[in-house]
């Protein structure tokens, strides 16, 4: 498992300090980018009749609730940088939930790319190569646990 250095943790915490206070607007940037990268992902949000296209989806209350939840997961990861393993059960379950609704693991990579895009567009010149790498490392730890949960859920369905 990858490890975060103390420097990485500091970079992540410092960059998240302002972003975490405005979760929904930054989450909308993340999801706007995600839907630009793969518009087909819109079909996964069938709980809302307002998800015919990205702008409709991004303004629906149900979807904004999902945006908030995603940003809270990022917030939890940042808050637990010293002990990310304590989120293991939560992340395994999150992976299972994503598998159950038809999300494939390749989409996790697109979310990571969209997260980096949001960070870059929000932080401007403060977005450095070191900061990017720190966030990539943290995200890979989170996604690794989610992927294990996703795979376990798939095993249970095939048995």
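Cβ atoms are placed via backbone N, Cα and C, with glycine included.
Swiss-Prot annotations:
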| type | residues | note |
| --- | --- | --- |
| BINDING | 66, 98 | heme b binding site |
| DOMAIN | 3-151 | domain 'Globin' |
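When Cβ atoms from all protein chains are considered, those within 10 Å of residue 66 (heme b binding site) total 17, not counting its own.
Taking all protein chains in view, 21 other C-beta atoms sit within 10 angstroms of the C-beta of residue 98 (heme b binding site).
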